[in-house]
Amino acid sequence: MKLPNKLGPIHFIGIGGIGMSGIAEVMHNLGYTVQGSDAADNYNVKRLAEKGIRTFVGHRAENLAEAELVVVSTAIRRDNPELAMARERRLPVVRRAEMLAELMRFKSCVAVAGTHGKTTTTSLVATLLDAGGLDPTVINGGIINAYGTNARMGEGEWMVVEADESDGTFLKLPADIAIVTNIDPEHLDHFGSFDAIKDAFRAFIDNIPFYGFAVMCIDHPTVQDLVGRIEDRRIITYGENPQADVRLIDVDLRGGQSRFRVMIRDRRPGFRLEMEDLVLPMPGKHNALNATAALAVAHELGVAPEAIRRALAGFGGVKRRFTRTGEWNGAQIFDDYGHHPVEIKAVLKAARASTEGNVVAVVQPHRYTRLASLFDDFCTCFNDADTVIVAPVYAAGEAPIEGFDRDTLVAGLKSRGHRNAVALERSEDLAGLVNGLVGPGDYVVCLGAGNITQWAYALPGELSALGEKAA
């Protein structure tokens, strides 16, 4: 039995969240009556309202109105007034991942998992399948610039979704094809241990049907170890590793883009295909690897090499993934969602390869628990930045943890040899700090999952205003 075509109004609590908004948009496009509320009138709420979806700012019991089904994210507390009213009325309440799983049953599905790179890889898979005429439905964890949204309703057989492992609910997703980009210690507040995270990813792969397959990056040692423990499922490996089935070769990261070639070797004796002169207009080896994963899926689904080449070259990127927000005095300012040490290191490495100038990193640590559990990694992931400006921790509702804050991170960076790490007292002081640091050819990279994105977009104008005052 699949999701009925006729359901009463479906109410999303937290509809402005990136995952919730995508599901709501697709369900609206399928003809369901959708409504929802969020604490803030953010970009996603406004976008959904423009599409004709009824939205409410603030959570109140009366918002449910005639709703017959309620969808909630894991961020919603049990004492939320709308959730309490739904339970008082004995309405069905489903988690975000459960509703996504129901939507996936309408299509054949590619699910993209991994600690890092999910959103970009999901976008790349969607772009390549679209270029191959497969017209996929897409539900992503970030805004795909070419679509202006994180969700797209296609007419084709395939759906491409980002599989969020943060609360373990990605195990509910019925994928035919799975991608695993990497596996690192993250979301330990939910899983409790790294071993539990690895077990969850193994279960994710084991859930694939016998006629499906998994695409896994064996450049990452934990993923390579997992490949060795998977039985009875078809695995396609990718990476720079010489043993990879789909091998990334000759990566050139100069000029703010990635040039590379890919060699595909099937387990069939003698089968070999080389794709040369591939260009992705995004910097960083991590993005070249993401593109290689997407290429592996597209090739398996019959997308022609020339269509893959054109689609990669025209890829418009994803919002908050090395997104250029402006320029001042010849220096480029970027916004990036990177908030885990592995992500920060990859982004700064990409920035370093893309410019001959200086790289200034502005970081807003996200959550005290993350800073505490990965503190040593945070202290050593900024080596490619000439200067690190550290803002106060974005708490995301957490209580402070003694010994893990902005100042201890600055001290930790310095004690491990970084030559220029400074504390930012207030966001209003950022332009003044940056003003004395950058010139033509330099990069300023704003990093974090909090509200630092607003600073990144405001910074070019604030720097210009400072310059006008000085004149």
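Glycine is no exception: its Cβ is also placed from the backbone N, Cα and C atoms.
Note that the structure is a prediction, hence the values are computed from the model and not measured.
The ATP binding site annotation in Swiss-Prot covers Gly114, Thr115, His116, Gly117, Lys118, Thr119, Thr120. A C-beta separation below 8 Å, combined with a sequence spacing of at least six in one chain, links Thr115 (ATP binding site) to Glu165, Thr181, Asn182, Ile183, Asp184, Glu186, His340, Val342.
Of all the Cβ atoms in the protein chains shown, 23 others lie within 10 Å of the Cβ of Gly114 (ATP binding site). Within 10 Å of the C-beta of Thr119 (ATP binding site) there are 24 other C-beta atoms, taking all protein chains into account.
Of the chain residues outside the ATP site list Gly114, Thr115, His116, Gly117, Lys118, Thr119, Thr120, Val112, Thr121, Thr181, Asn182, Asn290 have their Cβ within 8 Å of the site's Cβ mean position. Fewest Cβ neighbours within 10 Å among the binding-site residues His116, Lys118: this applies to His116. Sequence-distant contacts of Gly117 (ATP binding site), defined as residues of its own chain at least six apart whose C-beta falls under 8 angstroms from its C-beta, comprise Thr181, Asn182, His286, Leu289, Asn290.
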